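Features reported for this protein in TrEMBL:
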TRANSMEM  23-42  transmembrane segment
TRANSMEM  48-69  transmembrane segment
TRANSMEM  89-107  transmembrane segment
TRANSMEM  127-145  transmembrane segment
TRANSMEM  184-202  transmembrane segment
TRANSMEM  208-229  transmembrane segment
Amino acid sequence: MEPTVNQFQVNPEDSKEKEAAQIYNIVVFETIGTLLVIYGALATQNNFGLSLVYFISLTLFGRLSGGYFNPICTLIGFIDGAINNKKTMYFIGSQILASLIAGMFFMPLFANSNNLPYYESLPTHQVLGTLMSEIAGSVIFFTFIQIQTAENTKITSTQIQSSAFISIIYFVARQYTATMGNSLFNPAAAFGLQLFYGIYYGRWNQMINLLMFVMGPWIGALLAITFYWKIYTPTLIIKSTN
């Protein structure tokens, strides 16, 4: 007698194929989306233009890859359980790859621009001020990223609403920081563009920017994540129980 086979039983091969397809989407569309955001920053050179490009990237690629485009946003997704360890590595790898490609091919196109992202000509005593403003903008942006990423605190319900909301927060965070026009709150983009700016034009003295534009977002993100888990979420729980 032949054993009865449950037609709804999960086939391990199907699960592997599904995971492979998801990883493919992450590598391809996360790379393209990150490239589009960086290109938007270089090409538009204004806050509204970049925020619009960010909205378009989130709308086009959000459903395909997840639409993180930033290692810090990826880390927040991992902390919230939205993505697992393996996918987190593919996300961050794709974002770093996109940043290196952008630095290699986009930087020469815009090298003579007066308002390049991550380019600063500051005396040493102003570096701390720029770092602090970078932290402040990052706190604003990543606090709302954390709120929007967690299912129990998400403000919007649809993909298009989420894209619009995040883009508006991105605009506001950049608009009201002293480094407006120069920062994407993205440490991978900062590293890729600054690295090839140094390679192509020998401006290695500008590597001080990595201190501001790589450390700043990470410090701001740490403060935002701490605020969310230690203050924001417990306050919501207390209010819901009263």
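Each residue, glycine too, has its Cβ placed from N, Cα and C.
Automated prediction, rather than curation, is the source of TrEMBL annotations.
When each of the listed stretches 23-42, 48-69, 89-107, 127-145, 208-229 is scored by C-beta pairs under 8 angstroms to the transmembrane segment (184-202), 89-107 comes out highest. Long-range contacts of the transmembrane segment (208-229) within the same chain, counting only residues at least 6 positions beyond its ends with a Cβ under 8 Å from a Cβ of the stretch, are 72, 75-76, 79, 118-120, 124, 127, 130-131, 134-139, 141-143, 145-147, 150, 179, 182-183, 185-187, 190-191, 194.
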